[in-house]
Every structure is written in C-alpha cells, then in structure tokens.
Amino acid sequence: SLQGCPSPLLCPFPTLAMEFTVIDYSIFVLLLVLSSAIGLFYALSGDRQRTVQEFLLANRNMSFLPVALSLLATFQSAVAILGVPAEIFRSGTEYWFLGCSYLLGLLIPAHIFIPVFYRLRITSTYEYLELRFNKTVRVFGTITFIFQMVIYMGVVLYAPALALNAVTGFDLWSAVLTMGLVCTLYTTLGGLKAVIWTDVFQTLVMFAGQLAVIIVGAQRVGGMARVWHLADKEGKISGIDLDPDPFERHTFWTLAVGGVFMMLSLYGVNQAQVQRYLSARSEQEAKLSCYAVFPCQQIVLCLSCLTGLVMFVYNQEHPLAPNQRHSSPDQLVLYFVMDVLQDLPGLPGLFVACLFSGSLSTISSAFNSLATVTMEDLVRPHCPGLSESRATLLSKLLALGYGLLCLGMAYVSSMLGPVLQAAISIFGMVGGPLLGLFCLGMFFPCANPTGAITGLLAGLAMAFWVGIGGLLHNMRAAEAPPPPNGTALPAVGNLTTILTTTLLAPTPTPQSPTGLQKFYSLSYMWYSAHNSTTVILVGLLVSLLTGESAVDPRTIYPVLPRLLCCLPQKYRQRLCCGVTFPAQSNGVGNGLAPPGLQEEEEGQGYIRAAGAPTYALQETSF
C-alpha cells in the first residue's frame, strides 16, 4: 500500500503487511502525552516562564546530567537511528572508529569554547561575534544559522515518518502533524527547561527501543557471540585502515581526525548545544556535561553498530521477500525491526516511539535555538526598550511560529523529490564555515571584521561548490551501470534514503577520477575541516591586508602566547597584535564580570560601562 505517499517517486516500495496492536499505539501515544505533560508542568511551575532568561536559558540553573543527556539527544535524530545500522549493514564496522573523535571533539569545547562563552554571560552564540568583531558579523552568523536550521528541521520531522509509512503503512501526515504540534506545544509552553527534560525522557526511550531490537534480534540468531562470529566470517568486522588518502570515504584518519571537526561544529559552536551549556548553574557544571556526554555518545554508537551487525546476520538466515530486497537502506532497517518484533506486542510500538523520540528531541532543540537567536540577535538590538514581559511573550510567539514553519517545511520537503538531497546537504555544508568563523575570532587576535565576513562567505562558497558538485557527481555516477563485481546504489527516490545517503555519504566512486571529479570525491568526513580551514585562511589573509582592529581580550582564547612562548617578548607581542593576556584577573576565573563591566540580570551579556575599562583574561588549562 502506498496510502499517504505524496508521489510514487518517493515511495517506490510496497509496505510490509503488518498492523500495529492497541498496545503499540498506546506506547506511542504515551510518549506524546508524557512529552506534553512535561511542557505543561514547567509552564505552570516555578516562575512559569515569565522571564526571557527562564524561557530561553532555564534560569541558568540546570545540573550537568540532564544537560548532558539533552546534548546527546539534540543531534541523535531518527536519521542516525536508521542510518548508522544501515551503514554497518552495508559496509561493516569501520564507521565505529568515529568514536575515536569523540574524545577531542568534546574535550576542546569543554576547555576552550565553554569557558569563553560562559564567562561572557551571553544568551546567543552570535553575541560573541559582535563582542569579538562587530554587529554586521553577528547578523551574518545569525542569518546563516537560521537558514541552516529552518531547512533541516522540516526534513528531520518528515523523513522518518515517510520511511515508517513506506514500511508499515503508519499514516504519514497523521504522524507528521501529531509530532510537530506536540513538539511545538511543549517547546512554546515550557521553554528550554521543558525541552531539556523531555530530551532526557526521550533519550531513555531511544535507549530502550534500540536495546529491545538488539536483544530480541540476537536471541533469534543464536546470541551475540554468534552474531560477532558470523559477521567476522563474512568480513563485516573491519580492521584499522591507516590509509591517509582524504578521498577514501572511511579510514581511521578520516573518522578519527575529520570527525573531530564535525564534532566541534556540533558541540563547540552550534547554538542548540551552546544554549544548553549556558543553562548550567555554573561553568564547572557546563564542563561536566561535556564529560558526561562522552560515555553516552560511545554507548549510542555501540548500540547502533550492534543493531547493524544483528541486522546483517539476521538477514543472512531470514532473507527478505523479493519485493523488499531492493529497498533503501533505512527501509531495510525498519523491515528488519518489524520482522523481528512483530510477534511481541508492544515492542514495535516501543521502536516507533524510539524513532520519533529522535525526531522530537532534534526539532524541539531547533525551535528553541531559533527563537533564541531571532530574539537576541535580530529583535532586541532594534528594540532596546522592550519590556521583560513583552520580550518573554515575543520569545514564546517566535517558538510557536518556528513550530508552524517546521510543519510547512515538512510539506515543502514532500514536494522536493530528488532536489531534496541538495537541501539536506546544506545542514552539513554550513556547519564547517560557522566553526571556522568562531575559530578565526577566538584563536587569532589579528583577525578583523572585514576578514571575518570575507572568510565566512569564502567558506560558504567553497562548501556549496564541493558539496553540491559532489552530490551531482554522485547522482550521475549512481545512474550509470555498476562496474563488474560492484553494487549499484539504491535509486535516489525515497526521502529518507536521500537523507541517510547524504549524512552517511555512500559515494559511488568512478574509476580513476581526475580533476574536479577527484576533488568532488573528498570524503564527507573532511567537509567540516576543509570548509573551516578555508574560512580561517581567507579571513587571516584579508585581515592582514586591511589592517588590525580593536580586540576585547575576553573574546580570545590564548593559544598563540602558548605556541609562541619560546620567542622573544617583542615578537610575541607583535604576533599577538598587541593583545596582552595576564595570567590572573579578579573575578573572571569565577565567571564574574571583569572590572569596568556590569552584568545584566536578564542574561543578555555584558554592557560596556562608560569610560575605557581595562579588560583581562584568565587562561584556562587544557
């Protein structure tokens, strides 16, 4: 049945003849009811979301554990729940080495980005760009982020619902509308505190759903030891590939080093994550949340990889029906799950709840972060006299508006068809340049506003050139007949296929690519590193050509003084552009306002006092 499918192109595969039981539907409804109840609870308790700081930053009073689980859930979307097992099923366990990047990818934010952001007492990440450069750079960064998230949030809502509809017949638009409206409800009513606590609840549901699939699936094929043995026998347990070639899709270096830059773009400078750090009750709690999310990330990666291995072995012993064998990878995951769990009432519903928990946690974070940057970066600077009550009401209306926009984007996603692959890739393309912009400002005192804007534009141009060019190149290659002993990729037809193949980037490599074709074959794991490096190099070059500008030392992390410690003082001073970094200063180490600055109670950042205050920065240990 293709009931609810917007077009045959997007849903070319027949659905599995399976009906959900009352227990399955009850578990799914329970997920939505409890998520809504958390939002209502925080709307009616405490200060009842009456201030901007409470609505957008949870009153800066969260402990590290819920913040850590919320950090985990924010980008653990349904795409990853479906995509990573499909990647392991298709290519083996090499993707597992991505876990090696998590250590630096979380330590660097904990010891560099969090101290700088937290001590500035900002609400929006892009406030930092105004303190470091000027208001124009801040607006450029904000608009880039809004563009990135608006496109992403509709698809992350629509894609899993479409895959589920294609496999189980679960009504497509009923699922999309129900999830979108419930998410909008608890985000608008309960603010960031409701978003964080629903993330905690939804993370536990995701763990439960994945564990159920692994345990039942492994039991059906003789236990996990047999799963590992058969997977190893079939060559699915990968060794360490130390090939340094950046054009190889997955190697140890690609995953362990390129993955660090990808992690930094998500956990270092993305507004959805930084907002959670800033909601912690202290800088130490914010750092602890980064430490705590590390083992959680490893557990999630292990569960996804084990799901893929169990799925592979199960498929060897229980082959799919002929009309299911050519399904897209994400649909294969759902076929496997529904086949394994179909005679256990309640467990299919648990996995559906697990899948939709991934979507809810991601889009609720998108709503809240978009409302924050719109309020703090675009509305407040132009309405300085806005009262606290009006600002809070406007923030809630912005969250509501973005929720409705998400439903609109889900509808647009259903109309895009194959063009959607380029739209989805934008999320990954924009992360690298934004990371480069923040690194340019934080690590290089000589960078000026002109260099920052030019570097950002150059990084975005490079990202779109390589990204879109690579997508078109891969789509043309996918249409060509497969080489001898090769495997044809699934047709770019199903929306979730597009999303999964974009984020996991299965690249059909042509024989002996040359020129631009070789350039377009760059592994997707290096995109963030490549694009952020472009921003830094172009930004530095333009800054050196256009001259220095005034720098607030609070916005600089003192990397250069440490790297240049062996040089004479006059050369160090010149290379640091005259910025001094005293080892100690009163109050800054405790996150208090430096001398000459007063802190706003609403958490809008520091206001410069009259006169010329002396800024000082305490170095943080790494």
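Think of each number as a place in line: the chain as shown, counted from 1.
Placed from the backbone N, Cα and C atoms, the Cβ positions cover glycine too.
The feature transmembrane segment is assigned by TrEMBL to 22-44 (among others). Panel annotation: around the transmembrane segment (22-44), residues 178-179, 182-183, 185-191, 193-194, 197-198, 201-202, 205, 345-346, 348-350, 352-353, 356-357, 360 of the same chain, lying at least six beyond its termini, place a Cβ under 8 Å from a Cβ of the stretch.
The transmembrane segment annotation in TrEMBL covers 64-84 (among others). Long-range contacts of the transmembrane segment (64-84) within the same chain: residues 95, 156, 159-160, 163, 195-197, 199-200, 202-203, 206, 209-210, 266-267, 272-273, 276-277, 279-280, 285-286, 288-290, 292-293, 296-297, 300-301, 304-305, 307-308, 329-330, 333-334, 354-359, 361-362, 365, 496, 499-500, 503-504, each at least 6 residues beyond the stretch ends and with a Cβ under 8 Å from a Cβ of the stretch.
The transmembrane segment annotation in TrEMBL covers 96-118 (among others). Through the fold, the transmembrane segment (96-118) approaches residues 88, 125, 128, 238, 240, 250, 252, 255-260, 262-264, 267-269, 273-274, 277-278, 280, 283, 286-287, 290-291, 293-294, 297-298, 301-302, 305, 438, 442, 554-555, 557, 591, 620-622 of its own chain, all at least 6 residues removed from its boundaries and within a Cβ separation under 8 Å.
The feature transmembrane segment is assigned by TrEMBL to 139-160 (among others). Away from its own ends, the transmembrane segment (139-160) comes close to residues 77-79, 82, 124-126, 129, 176, 179-180, 271-272, 355-356, 358-359, 362-363, 366-367, 369-370, 373-374, 377-378, 402, 405-414, 420, 423-424, 426-427, 430-431, 433-434, 437, 453, 456, 460, 495-496, 498-499 of its chain (Cβ-Cβ under 8 Å, at least six residues beyond either end).
Annotation comment: TrEMBL describes 172-192 (among others) as transmembrane segment.
As annotated by TrEMBL, transmembrane segment applies to 204-222 (among others).
Among residues of the same chain six or more beyond the transmembrane segment (251-269), those with a C-beta under 8 A of the stretch's C-beta atoms are 71, 75, 94-95, 97-98, 100-102, 104-106, 108-109, 112-113, 125, 240-245, 290, 293, 431-432, 434-435, 438, 523, 525-529, 532. TrEMBL lists 251-269 (among others) with the feature transmembrane segment.
The list of residues near the transmembrane segment (290-314) in space but at least 6 beyond its ends in sequence, with Cβ under 8 angstroms from a Cβ of it, reads 64-65, 68-69, 71-72, 76, 80-81, 84-89, 93, 95-96, 98-99, 102-103, 106-107, 109-110, 114, 203, 206-207, 210-211, 213-214, 217-218, 220-221, 224, 226-228, 230-231, 234, 236, 267, 277, 332-333, 336, 339-340. The transmembrane segment annotation in TrEMBL covers 290-314 (among others).
Summarising the annotation, TrEMBL assigns transmembrane segment to 350-373 (among others). Outside the transmembrane segment (350-373), and at least 6 residues removed from its termini, the chain residues within Cβ reach (under 8 Å) are 20, 24, 27-28, 30-31, 35, 56, 70, 73-82, 123-126, 142, 145-146, 149-150, 152-153, 156-157, 160-161, 164, 170, 175, 179-180, 182-184, 186-188, 191-192, 195, 198-199, 202-203, 205-206, 208-210, 212-213, 270-272, 275, 337, 341, 395-396, 398-399, 402-403, 406.
The annotation transmembrane segment is assigned in TrEMBL to 393-413 (among others).
Look at TrEMBL and you will find 451-472 (among others) tagged as transmembrane segment.
For 524-545 (among others), the entry in TrEMBL reads transmembrane segment. Counting only same-chain residues 6+ beyond the ends of the transmembrane segment (524-545), those with a CB under 8 A from a CB of the stretch are 246, 249-250, 254-255, 257-259, 261-262, 264-265, 428-429, 431-433, 435-437, 439-440, 444, 446-448, 450-452, 454-456, 458-460, 462-463, 466-467, 470, 505, 507.
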Paired segments the transmembrane segment (172-192) and the transmembrane segment (451-472) in contact, 3+ CB pairs under 8 A: no
